[in-house]
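*Asks:* Sharing a structure here in C-alpha coordinates format.
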Amino acid sequence: MAKEKFERNKPHVNIGTVGHVDHGKTTLTAAITKYFGDFKAYDQIDGAPEEKARGITISTAHVEYETEGRHYAHVDCPGHADYVKNMITGAAQMDGAILVVNAADGPMPQTREHILLARQVGVPALVVFMNKVDQVDDEELLELVEMEIRELLSSYDFPGDDIPIIAGSALAAMEGRDPEIGENKIKELMAAVDEYIPTPERAVDQPFLMPIEDVFSISGRGTVVTGRVERGVINVGDNIEIVGIKDTTTTTCTGVEMFRKLLDRGEAGDNIGALLRGIDREAVERGQVLCKPGSVTPHTKFEAEAYILTKEEGGRHTPFFANYRPQFYFRTTDVTGTVTLPEGTEMVMPGDNLKFEVELIAPIAMEDGLRFAIREGGRTVGAGVVSKILA
(Lines of atoms letter the chains of each structure in order from A and count residues from 1; the text may use other names and numbers.)
(Lines give C-alpha, C1' and ligand atoms only; values in the text may rest on other atoms or scores of the structure.)
Protein backbone atom coordinates (compact mmCIF):
# COMPACT_ATOMS: atom_id res chain seq x y z
CA MET A 1 0.00 0.00 0.00
CA ALA A 2 1.43 3.37 -0.98
CA LYS A 3 2.11 5.68 1.94
CA GLU A 4 -0.62 8.29 2.17
CA LYS A 5 0.57 11.83 2.38
CA PHE A 6 0.03 13.50 5.72
CA GLU A 7 -3.06 15.62 5.48
CA ARG A 8 -3.95 18.29 7.98
CA ASN A 9 -7.67 17.81 7.57
CA LYS A 10 -8.06 15.98 10.88
CA PRO A 11 -8.04 17.76 14.22
CA HIS A 12 -4.69 17.41 16.00
CA VAL A 13 -4.49 16.33 19.65
CA ASN A 14 -1.43 16.05 21.91
CA ILE A 15 -1.52 13.14 24.30
CA GLY A 16 0.78 11.10 26.53
CA THR A 17 1.00 7.98 28.66
CA VAL A 18 1.37 8.46 32.42
CA GLY A 19 1.48 6.08 35.39
CA HIS A 20 3.71 4.11 37.76
CA VAL A 21 7.06 2.68 36.66
CA ASP A 22 6.77 -0.75 34.96
CA HIS A 23 3.00 -0.64 34.67
CA GLY A 24 3.34 -0.76 30.87
CA LYS A 25 3.30 2.81 29.54
CA THR A 26 5.92 2.22 26.86
CA THR A 27 4.53 -1.18 25.83
CA LEU A 28 1.10 0.42 25.46
CA THR A 29 2.60 3.26 23.40
CA ALA A 30 4.24 0.69 21.10
CA ALA A 31 0.99 -1.29 20.85
CA ILE A 32 -0.99 1.81 19.82
CA THR A 33 1.53 2.56 17.04
CA LYS A 34 1.17 -1.03 15.85
CA TYR A 35 -2.52 -0.55 15.07
CA PHE A 36 -2.76 3.18 14.41
CA GLY A 37 0.62 4.41 13.20
CA ASP A 38 3.99 3.41 11.85
CA PHE A 39 4.93 0.66 14.28
CA LYS A 40 7.65 1.62 16.75
CA ALA A 41 9.33 -1.17 18.72
CA TYR A 42 9.56 -0.91 22.50
CA ASP A 43 13.29 -0.16 22.49
CA GLN A 44 12.89 2.55 19.83
CA ILE A 45 10.57 4.34 22.23
CA ASP A 46 12.44 3.54 25.43
CA GLY A 47 15.77 4.88 24.16
CA ALA A 48 14.32 8.37 24.00
CA PRO A 49 16.73 11.16 23.11
CA GLU A 50 17.29 13.95 25.59
CA GLU A 51 15.84 17.36 24.89
CA LYS A 52 16.19 20.70 26.56
CA ALA A 53 13.18 22.70 27.70
CA ARG A 54 13.69 25.88 29.73
CA GLY A 55 17.27 24.83 30.40
CA ILE A 56 16.22 21.45 31.77
CA THR A 57 17.21 18.19 30.12
CA ILE A 58 14.31 15.80 29.68
CA SER A 59 14.14 12.44 27.94
CA THR A 60 10.92 12.07 25.99
CA ALA A 61 9.88 9.84 23.12
CA HIS A 62 7.47 11.23 20.53
CA VAL A 63 5.36 9.01 18.29
CA GLU A 64 2.46 9.91 16.06
CA TYR A 65 -0.55 7.96 14.88
CA GLU A 66 -4.06 8.59 13.66
CA THR A 67 -7.55 7.28 14.17
CA GLU A 68 -10.35 7.84 11.67
CA GLY A 69 -11.25 11.13 13.27
CA ARG A 70 -7.99 12.55 14.61
CA HIS A 71 -4.25 12.89 14.32
CA TYR A 72 -2.31 12.31 17.56
CA ALA A 73 1.14 13.30 18.76
CA HIS A 74 1.98 11.08 21.73
CA VAL A 75 4.72 11.47 24.30
CA ASP A 76 6.17 8.76 26.52
CA CYS A 77 8.93 9.30 29.09
CA PRO A 78 11.39 6.64 30.24
CA GLY A 79 11.77 7.74 33.85
CA HIS A 80 9.57 9.16 36.60
CA ALA A 81 11.74 12.29 36.95
CA ASP A 82 11.28 12.92 33.21
CA TYR A 83 7.50 12.90 33.67
CA VAL A 84 7.67 15.36 36.53
CA LYS A 85 9.91 17.71 34.52
CA ASN A 86 7.89 17.26 31.35
CA MET A 87 4.56 18.05 32.94
CA ILE A 88 5.84 21.01 34.93
CA THR A 89 7.77 22.67 32.08
CA GLY A 90 5.04 21.89 29.58
CA ALA A 91 7.81 20.68 27.25
CA ALA A 92 5.29 18.33 25.71
CA GLN A 93 1.89 19.96 25.88
CA MET A 94 -0.78 17.42 26.83
CA ASP A 95 -4.41 17.91 25.80
CA GLY A 96 -5.18 14.64 27.55
CA ALA A 97 -3.42 11.58 28.92
CA ILE A 98 -3.78 7.82 29.12
CA LEU A 99 -3.20 6.68 32.70
CA VAL A 100 -1.75 3.16 32.70
CA VAL A 101 -2.39 1.05 35.82
CA ASN A 102 -1.21 -2.53 36.31
CA ALA A 103 -4.35 -4.52 37.16
CA ALA A 104 -2.34 -6.82 39.45
CA ASP A 105 -0.89 -3.97 41.55
CA GLY A 106 -3.60 -1.35 41.41
CA PRO A 107 -2.69 2.33 41.94
CA MET A 108 0.86 2.89 43.24
CA PRO A 109 2.68 6.01 44.54
CA GLN A 110 3.60 7.35 41.07
CA THR A 111 0.05 6.68 39.86
CA ARG A 112 -1.08 9.14 42.52
CA GLU A 113 1.70 11.60 41.78
CA HIS A 114 0.96 11.64 38.04
CA ILE A 115 -2.76 12.19 38.67
CA LEU A 116 -1.92 15.05 41.06
CA LEU A 117 0.50 16.56 38.53
CA ALA A 118 -2.08 16.25 35.76
CA ARG A 119 -4.53 18.12 37.99
CA GLN A 120 -1.98 20.79 39.01
CA VAL A 121 -0.67 21.51 35.51
CA GLY A 122 -4.13 21.48 33.95
CA VAL A 123 -4.26 18.31 31.80
CA PRO A 124 -7.96 18.55 30.85
CA ALA A 125 -8.93 14.86 30.67
CA LEU A 126 -7.69 11.36 31.44
CA VAL A 127 -8.62 7.92 30.10
CA VAL A 128 -7.46 4.80 31.98
CA PHE A 129 -5.92 1.63 30.56
CA MET A 130 -5.91 -1.15 33.14
CA ASN A 131 -3.02 -3.24 31.88
CA LYS A 132 -1.76 -6.83 32.38
CA VAL A 133 -5.26 -8.23 33.01
CA ASP A 134 -3.99 -11.68 32.01
CA GLN A 135 -2.06 -11.69 35.30
CA VAL A 136 -5.29 -11.49 37.32
CA ASP A 137 -7.49 -14.60 37.50
CA ASP A 138 -10.15 -13.17 39.76
CA GLU A 139 -12.85 -11.10 38.06
CA GLU A 140 -13.81 -9.55 41.43
CA LEU A 141 -10.26 -8.34 41.95
CA LEU A 142 -10.41 -6.44 38.64
CA GLU A 143 -13.63 -4.78 39.76
CA LEU A 144 -12.01 -3.77 43.06
CA VAL A 145 -9.00 -2.27 41.29
CA GLU A 146 -11.31 -0.36 38.95
CA MET A 147 -13.24 1.02 41.94
CA GLU A 148 -9.97 2.00 43.61
CA ILE A 149 -8.82 3.84 40.46
CA ARG A 150 -12.15 5.70 40.20
CA GLU A 151 -12.02 6.75 43.86
CA LEU A 152 -8.44 7.94 43.46
CA LEU A 153 -9.33 10.02 40.38
CA SER A 154 -12.30 11.57 42.19
CA SER A 155 -10.11 12.45 45.18
CA TYR A 156 -8.02 14.63 42.82
CA ASP A 157 -11.12 16.32 41.33
CA PHE A 158 -11.25 14.30 38.12
CA PRO A 159 -14.71 12.88 37.29
CA GLY A 160 -13.86 9.36 38.53
CA ASP A 161 -17.32 7.95 37.82
CA ASP A 162 -17.32 9.04 34.16
CA ILE A 163 -13.73 8.41 33.08
CA PRO A 164 -13.51 5.48 30.64
CA ILE A 165 -11.48 2.55 32.02
CA ILE A 166 -10.44 -0.07 29.47
CA ALA A 167 -8.98 -3.35 30.73
CA GLY A 168 -6.60 -5.30 28.52
CA SER A 169 -3.03 -6.38 27.85
CA ALA A 170 -0.65 -4.15 25.92
CA LEU A 171 1.80 -7.04 25.59
CA ALA A 172 -0.84 -9.34 24.07
CA ALA A 173 -1.62 -6.58 21.57
CA MET A 174 2.09 -6.15 20.79
CA GLU A 175 2.60 -9.87 20.31
CA GLY A 176 -0.58 -10.23 18.27
CA ARG A 177 -2.18 -12.84 20.56
CA ASP A 178 -5.48 -13.06 22.48
CA PRO A 179 -7.28 -10.28 20.56
CA GLU A 180 -10.07 -10.14 23.16
CA ILE A 181 -7.60 -8.62 25.66
CA GLY A 182 -5.09 -7.41 23.04
CA GLU A 183 -5.91 -5.81 19.70
CA ASN A 184 -9.62 -5.31 20.45
CA LYS A 185 -8.83 -3.48 23.69
CA ILE A 186 -6.29 -1.16 22.04
CA LYS A 187 -8.98 -0.25 19.51
CA GLU A 188 -11.52 0.22 22.30
CA LEU A 189 -9.02 2.43 24.16
CA MET A 190 -8.45 4.69 21.16
CA ALA A 191 -12.21 4.91 20.53
CA ALA A 192 -12.55 6.10 24.15
CA VAL A 193 -9.71 8.60 23.72
CA ASP A 194 -11.31 9.90 20.50
CA GLU A 195 -14.62 10.39 22.24
CA TYR A 196 -13.65 11.42 25.76
CA ILE A 197 -10.62 13.68 25.35
CA PRO A 198 -11.87 17.02 24.02
CA THR A 199 -10.38 18.54 20.87
CA PRO A 200 -8.30 21.51 22.02
CA GLU A 201 -9.29 24.96 20.85
CA ARG A 202 -6.83 26.04 18.18
CA ALA A 203 -4.46 28.82 19.21
CA VAL A 204 -5.90 31.24 16.64
CA ASP A 205 -9.41 30.79 18.08
CA GLN A 206 -8.36 31.80 21.61
CA PRO A 207 -8.37 35.41 22.89
CA PHE A 208 -5.44 37.48 21.58
CA LEU A 209 -2.24 37.60 23.65
CA MET A 210 1.28 38.72 22.74
CA PRO A 211 4.17 38.98 25.22
CA ILE A 212 6.10 42.22 24.58
CA GLU A 213 9.76 41.60 23.76
CA ASP A 214 10.86 45.03 22.61
CA VAL A 215 9.61 48.61 22.37
CA PHE A 216 10.59 51.21 19.75
CA SER A 217 9.41 54.66 18.95
CA ILE A 218 9.11 55.56 15.29
CA SER A 219 9.11 59.29 14.69
CA GLY A 220 5.84 60.50 13.28
CA ARG A 221 4.14 57.15 13.79
CA GLY A 222 4.27 56.42 17.50
CA THR A 223 5.25 53.44 19.61
CA VAL A 224 5.78 49.95 18.21
CA VAL A 225 5.97 46.83 20.37
CA THR A 226 7.34 43.58 18.98
CA GLY A 227 6.85 39.97 19.95
CA ARG A 228 5.48 36.61 18.90
CA VAL A 229 1.71 36.27 19.03
CA GLU A 230 1.05 33.50 21.54
CA ARG A 231 -2.61 33.03 20.69
CA GLY A 232 -5.53 34.60 18.92
CA VAL A 233 -5.57 37.22 16.19
CA ILE A 234 -4.95 40.97 16.19
CA ASN A 235 -6.52 43.16 13.52
CA VAL A 236 -5.67 46.76 12.71
CA GLY A 237 -8.22 48.87 14.58
CA ASP A 238 -8.67 46.42 17.48
CA ASN A 239 -8.79 47.74 21.02
CA ILE A 240 -6.19 46.03 23.20
CA GLU A 241 -4.93 46.14 26.77
CA ILE A 242 -1.35 46.36 28.00
CA VAL A 243 -1.19 44.23 31.15
CA GLY A 244 1.44 43.57 33.82
CA ILE A 245 4.21 45.37 35.77
CA LYS A 246 2.39 48.74 35.71
CA ASP A 247 -1.28 49.68 35.79
CA THR A 248 -3.29 48.21 32.93
CA THR A 249 -3.80 50.62 30.01
CA THR A 250 -6.04 50.40 26.97
CA THR A 251 -5.03 51.42 23.47
CA THR A 252 -5.83 50.77 19.83
CA CYS A 253 -3.63 48.85 17.41
CA THR A 254 -3.18 51.17 14.44
CA GLY A 255 -0.84 48.96 12.43
CA VAL A 256 0.64 45.46 12.22
CA GLU A 257 3.87 44.76 10.42
CA MET A 258 5.81 41.59 9.78
CA PHE A 259 9.17 41.40 7.99
CA ARG A 260 8.82 45.14 7.32
CA LYS A 261 5.59 44.60 5.41
CA LEU A 262 2.32 46.13 6.58
CA LEU A 263 -0.44 43.63 7.23
CA ASP A 264 -4.05 43.97 8.28
CA ARG A 265 -3.68 41.28 10.95
CA GLY A 266 -1.28 39.11 12.91
CA GLU A 267 -2.13 35.66 14.24
CA ALA A 268 -0.84 32.99 16.64
CA GLY A 269 2.74 32.09 15.77
CA ASP A 270 3.54 35.31 13.87
CA ASN A 271 6.43 37.55 14.91
CA ILE A 272 4.99 41.03 14.55
CA GLY A 273 5.40 44.67 15.38
CA ALA A 274 2.20 46.34 16.59
CA LEU A 275 1.79 50.10 16.38
CA LEU A 276 -0.03 51.48 19.43
CA ARG A 277 -2.08 54.68 19.37
CA GLY A 278 -1.31 57.41 21.92
CA ILE A 279 1.13 55.34 23.95
CA ASP A 280 4.39 56.83 25.14
CA ARG A 281 7.53 54.77 24.59
CA GLU A 282 8.23 55.02 28.35
CA ALA A 283 4.80 53.65 29.25
CA VAL A 284 5.44 50.14 27.89
CA GLU A 285 8.19 47.65 28.64
CA ARG A 286 9.37 44.13 27.99
CA GLY A 287 7.54 41.69 30.25
CA GLN A 288 4.11 43.22 29.75
CA VAL A 289 1.61 41.60 27.41
CA LEU A 290 -0.77 42.92 24.78
CA CYS A 291 -4.11 41.17 25.03
CA LYS A 292 -7.79 41.25 24.24
CA PRO A 293 -9.41 43.57 26.82
CA GLY A 294 -10.56 41.73 29.92
CA SER A 295 -9.05 38.38 28.91
CA VAL A 296 -6.06 38.34 31.30
CA THR A 297 -5.51 40.10 34.61
CA PRO A 298 -2.35 41.03 36.51
CA HIS A 299 -1.51 39.17 39.75
CA THR A 300 1.27 39.00 42.34
CA LYS A 301 0.33 35.99 44.52
CA PHE A 302 -0.07 32.45 43.30
CA GLU A 303 0.35 28.81 44.17
CA ALA A 304 2.79 26.90 41.99
CA GLU A 305 3.92 23.37 41.30
CA ALA A 306 7.68 23.46 40.75
CA TYR A 307 10.66 21.26 40.00
CA ILE A 308 14.05 22.29 41.41
CA LEU A 309 17.06 21.35 39.29
CA THR A 310 19.79 19.08 40.60
CA LYS A 311 23.41 20.17 40.76
CA GLU A 312 24.13 17.90 37.75
CA GLU A 313 21.46 19.73 35.75
CA GLY A 314 23.19 23.04 36.45
CA GLY A 315 20.96 23.93 39.39
CA ARG A 316 21.72 24.83 42.99
CA HIS A 317 24.26 22.83 44.97
CA THR A 318 22.48 23.50 48.27
CA PRO A 319 18.91 23.45 49.55
CA PHE A 320 16.85 26.61 49.97
CA PHE A 321 14.70 27.57 52.95
CA ALA A 322 11.63 29.65 53.83
CA ASN A 323 11.58 33.18 52.37
CA TYR A 324 13.80 32.19 49.44
CA ARG A 325 13.84 35.15 46.97
CA PRO A 326 14.80 34.18 43.43
CA GLN A 327 13.61 35.67 40.13
CA PHE A 328 10.62 34.21 38.35
CA TYR A 329 10.96 34.36 34.57
CA PHE A 330 7.52 34.73 32.96
CA ARG A 331 7.37 34.79 29.14
CA THR A 332 9.94 37.53 28.50
CA THR A 333 11.07 38.92 31.85
CA ASP A 334 12.32 38.22 35.38
CA VAL A 335 10.36 39.39 38.43
CA THR A 336 11.65 38.90 41.97
CA GLY A 337 9.37 36.97 44.30
CA THR A 338 9.34 35.44 47.78
CA VAL A 339 8.61 31.75 48.26
CA THR A 340 6.43 30.50 51.14
CA LEU A 341 6.96 26.78 51.74
CA PRO A 342 4.07 24.48 52.67
CA GLU A 343 3.56 23.83 56.37
CA GLY A 344 5.92 21.15 57.63
CA THR A 345 8.48 21.73 54.86
CA GLU A 346 11.67 23.21 56.31
CA MET A 347 13.84 23.14 53.21
CA VAL A 348 13.83 22.19 49.55
CA MET A 349 16.58 20.05 48.07
CA PRO A 350 17.86 20.18 44.48
CA GLY A 351 15.88 17.52 42.55
CA ASP A 352 12.67 17.99 44.58
CA ASN A 353 9.28 18.77 43.14
CA LEU A 354 6.75 20.48 45.36
CA LYS A 355 3.90 22.94 45.71
CA PHE A 356 4.60 26.37 47.20
CA GLU A 357 3.27 29.93 47.25
CA VAL A 358 4.95 32.92 45.62
CA GLU A 359 4.48 36.65 46.10
CA LEU A 360 5.98 38.80 43.32
CA ILE A 361 7.19 42.38 43.77
CA ALA A 362 5.38 43.45 40.56
CA PRO A 363 2.18 42.11 38.97
CA ILE A 364 2.38 39.84 35.91
CA ALA A 365 -0.38 39.01 33.41
CA MET A 366 -1.22 35.59 34.73
CA GLU A 367 -3.63 32.69 34.41
CA ASP A 368 -3.70 29.11 35.65
CA GLY A 369 -1.32 26.93 33.69
CA LEU A 370 1.21 29.70 32.97
CA ARG A 371 4.76 28.30 32.93
CA PHE A 372 7.81 30.02 34.40
CA ALA A 373 11.49 29.44 35.14
CA ILE A 374 13.05 30.05 38.55
CA ARG A 375 16.35 31.88 38.15
CA GLU A 376 19.19 33.22 40.24
CA GLY A 377 21.20 35.89 38.48
CA GLY A 378 20.20 34.65 35.03
CA ARG A 379 20.91 30.98 35.78
CA THR A 380 17.92 28.62 35.70
CA VAL A 381 17.54 26.71 38.97
CA GLY A 382 14.00 25.42 38.53
CA ALA A 383 10.79 25.39 36.55
CA GLY A 384 7.20 25.77 37.57
CA VAL A 385 3.61 26.25 36.59
CA VAL A 386 0.92 28.45 38.14
CA SER A 387 -1.59 26.03 39.64
CA LYS A 388 -3.82 28.59 41.38
CA ILE A 389 -3.97 32.39 41.47
CA LEU A 390 -4.30 33.75 45.02
CA ALA A 391 -4.27 37.55 44.60
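Along the chain as shown, residues are numbered 1 onward.
Backbone N, Cα and C define each Cβ position, glycine as well.
Pulled these from Swiss-Prot:
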- 10-201: domain 'tr-type G' (DOMAIN)
- 19-26, 76-80, 131-134: GTP binding site (BINDING)
- 19-26: region 'G1' (REGION)
- T26: Mg(2+) binding site (BINDING)
- 55-59: region 'G2' (REGION)
- 76-79: region 'G3' (REGION)
- 131-134: region 'G4' (REGION)
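Looking at the shown structure, can you explain where the listed features end up?
*Replies:* Taking a C-beta cut-off of under 8 angstroms and a sequence separation of 6 or more, T26 (Mg(2+) binding site) has the following same-chain neighbours: T17, Y42, I45, D46, A61, D76, P78.
Non-local neighbours of the region 'G1' (19-26) in the same chain are 42, 45-46, 61, 76, 78-80, 99-102, 105, 107-111, 114, 129, 131-132, 170-171; each lies 6+ residues outside the stretch with a CB under 8 Å from one of its CB atoms.
In the three-state DSSP reading, T26 (Mg(2+) binding site) counts as helix.
Under DSSP, residues within the region 'G2' (55-59) fall into helix, strand and coil as 0 helix, 4 strand, 1 coil.
Across the region 'G3' (76-79), the DSSP tally of helix, strand and coil residues reads 0 helix, 1 strand, 3 coil.
The average pLDDT the prediction assigns to the region 'G4' (131-134) is 96.
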*Asks:* If you count other C-beta atoms within 10 angstroms, which of the binding-site residues C77, V133 is the most crowded?
*Replies:* C77
*Asks:* Among the binding-site residues K25, H80, point out the residue whose Cβ has the most other Cβ atoms within 10 Å, with all shown protein chains included in the count.
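*Replies:* Result for the most crowded candidate: K25.
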*Asks:* Please report, as numbers and ranges, the same-chain residues at least 6 past the borders of the region 'G4' (131-134) whose CB is under 8 Å from any CB of it.
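*Replies:* Residues 23-24, 27-28, 100-104, 142, 167-172, 178, 181.
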*Asks:* Tell me the Cβ neighbour count for G19 (GTP binding site), meaning other Cβ atoms within 10 Å of its Cβ, over all protein chains shown.
*Replies:* 27
